[in-house]
Amino acid sequence: MEIPGERFVLPLDNDSQNDQTHAPQPRSSLIGDIVENTSDSIPIAPVLPPNASQGTGFPEHKNRVRGPSKFKQRAQGTLPKNQMKDTPPPEKTERQMISDQNEQRIANMSLDDIEKEQKDLMEKLPPGLIERFLKKPHMDDGVHGSFRDSKVDENKANPVSGSKPASEDRPRPSDRPKLTKKVTFENDPPPPVDDDNLPTAVNVHFPKPPTTIDVAELDPDSPEFLEKLHTKYFPSLPADPSRLAWMAPVSSEEDKSSYHPSQSDVSASAIRFDFKGNLLPPRVARELPSNLGLHHHADAPNAAGYTVPELAHLARSTFPTQRCMAIQTLGRILYRLGKGTEEGGYGIEEIVQGLWKCMTEGRVIEGLEEAAAATGGHMSVKAYATDALWLWQKGGGHRWKAQ
């Protein structure tokens with residue numbers, strides 16, 4: 001913003017020029033000079049007030065006569081009426097107002113109306129709710145923490161007020177006659193049963209000590225071992241020999257009829273394998289010891305090894321360890337079947353075709369694929385199934401076709 005001004009010339013040659021001669025001021029109302037005014041008056045010192053003549057600055061001490069306190073005067077009744085403050089009555093809560101309305105309504109009702117209302121409540125409300133209401137304390141007795149207790153506490157705290165409680169002006173419910181009514185329920189709790197009246201437990205049985213009739217030690221090699229075992233230790237229990245048939249020794253006729261070296265031909269479903277997938281001939285299966293874990297109580301219990309149908313059945317077991325063993329063995333057999341008659345296979349075409357037929361009938365490959373693709377379950381089963389499928393693909397991944 002530009003301010004208009006006037007050009008002037010200041011003569012500096014004449015030093016004796018009057019100091020009062022001023023240059024022309026710019027025509028502006030916003031800027032002005034600072035002018036110092038001279039004063040001829042002598043300054044006067046301030047005068048202290050009269051009460052500060054002592055020099056301390058504090059008010060003078062006054063002797064005050066102490067009389068009785070206002071609390072004592074109020075207790076003695078000597079306090080002037082204009083100084084006594086009337087405490088306003090406490091405001092009623094919503095709960096108190098509702099209670100007062102209910103009591104006033106009941107007080108205005110006749111006995112017939114009260115009996116009618118009680119009868120309607122008994123018919124409309126369920127018995128369980130009525131029983132809970134009857135077990136609660138009476139409303140006149142008051143509940144701890146309710147407004148009735150608070151009224152009593154206020155009256156005790158203000159004994160001087162002399163005001164009567166508001167409940168005295170209303171008719172008390174206790175003055176009305178009480179109606180007695182018995183409530184019965186259909187399902188009453190059964191009475192306690194005494195232990196002496198309980199029936200005797202006739203079905204409870206315990207093993208009895210050995211009888212004096214048969215005190216000799218049992219011979220496990222005896223053909224009558226199971227019968228003597230039951231007679232000696234469990235004579236009172238029913239006998240079921242069919243459940244213990246797997247423990248009985250195999251007869252010679254049964255032994256020769258199942259995977260025996262004397263047989264001229266063996267079906268593919270009866271061929272046995274070890275845990276590595278090696279084929280076990282009947283003679284070798286009879287000579288292997290039982291500590292290898294290849295003996296079991298299935299067909300031909302005296303011969304070691306597992307057949308393809310038995311492994312396919314165990315591959316769907318609910319016991320994870322048993323299932324893992326069967327899946328691992330099947331994967332190794334599938335690898336050798338894929339090799340066929342080549343090196344590493346079983347060599348004989350008839351055996352290979354018969355074993356492939358057993359694999360197809362038992363849905364072995366489908367079961368391995370389901371176990372490998374399952375979400376959740378036992379992780380070891382899934383890992384062994386994946387490994388078995390990899391061995392099947394490593395052997396060629398063939399599927400048998402009926403010829």
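Placement of Cβ uses the backbone N, Cα and C atoms for every residue, glycine included.
Those TrEMBL annotations? Automatic predictions, nothing curated.
Listed features, source TrEMBL:
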- 14-28: compositional bias 'Polar residues' (COMPBIAS)
- 63-73: compositional bias 'Basic residues' (COMPBIAS)
- 88-97: compositional bias 'Basic and acidic residues' (COMPBIAS)
- 98-107: compositional bias 'Polar residues' (COMPBIAS)
- 136-156: compositional bias 'Basic and acidic residues' (COMPBIAS)
- 166-178: compositional bias 'Basic and acidic residues' (COMPBIAS)
- 97-136: domain 'RPAP1 N-terminal' (DOMAIN)
- 271-337: domain 'RPAP1 C-terminal' (DOMAIN)
- 1-118: region 'Disordered' (REGION)
- 136-196: region 'Disordered' (REGION)
(request) Give the residue counts of the domain 'RPAP1 C-terminal' (271-337) per reduced DSSP state, in the order helix, strand, coil. (result) 34 helix, 5 strand, 28 coil
(request) Could you give me the DSSP helix, strand and coil counts for the compositional bias 'Polar residues' (98-107)? (result) 10 helix, 0 strand, 0 coil
(message) Please compute the mean pLDDT of the model over the domain 'RPAP1 N-terminal' (97-136).
(response) 87
